[in-house]
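In what follows, a structure is listed as structure tokens, so that the remarks can point back to it.
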Amino acid sequence: MNKFIVFEGIDGSGKTTQAKLLADYLNGIYTCEPTNGEIGQLIRKVLGGKNCEKESLALLFAGDRVEHIKEIEHKLIENMVICDRYVYSSMVYQSIQGIDIDFIASINRFAKIPDVLIYLDVSIEESLKRMGDRDSKEIFENKEILQKVNKKYMNIINERLFEPKNGYILINTDNKTVEEVHKEIIKKLMDKKIIL
């Protein structure tokens, strides 16, 4: 049976790189949130600095996820699906903006439970260094917010909110090459028997 694997972590942790590498390794399908659909494109504009009420942004993410889940379920029929960000990002980022976690959970109650969540941990300093190489910045990319984001992710994992079927894999990416992190991900997925 094909697996639904989610990557999470603060900006600059290596999520996108590692999700794409894993999708290639497994001959699976890479996907991300926000998606490239109509709603996802609107979300990207808001994240780029366009004004939007925080509740509206949370609802946009939930709406984008409805479309995304239909796509994921269809793709899982034939392939593994590797997702770069998912409902956990909504729980983290929207709660930091002051939205009640119960509201976030309520508007995302339809979300498919992943088989495993891979959390890529990175120091704030390394995250900022890696993001310094990027051409564009988003509204959540500064030291104070990154610290809050990391703490929220740890709370979600420790409290087992929206717990994946096979739990969590935590990997620190500080001072490791892309290849070293990729090998560690493969090993831990094999240890959990997610992949053979």
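Glycine is treated like the rest: Cβ placed from N, Cα and C.
Computed from a predicted structure; not experimentally measured.
As given in Swiss-Prot:
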type: BINDING; residues: Gly9, Ile10, Asp11, Gly12, Ser13, Gly14, Lys15, Thr16; note: ATP binding site
- Just name the winner among Ile10, Gly12, Gly14, Lys15 (the binding-site residues) by count of other CB atoms within 10 A of its CB. Ile10
- Message: As a test of the contact definition, list every same-chain residue at least 6 positions from Thr16 (ATP binding site) whose Cβ is closer than 8 Å to its Cβ.
- Response: Phe7, Cys32, Asp84
- Message: Need the DSSP three-state call for Lys15 (ATP binding site) to compare against my parser.
- Response: helix
- Message: Can you tell me how many other Cβ atoms are located within 10 Å of the Cβ belonging to Ser13 (ATP binding site)?
- Response: 27
- Just name the winner among Gly9, Asp11 (the binding-site residues) by count of other CB atoms within 10 A of its CB. Gly9
- Three-class DSSP assignment, Gly9 (ATP binding site), comes back as coil
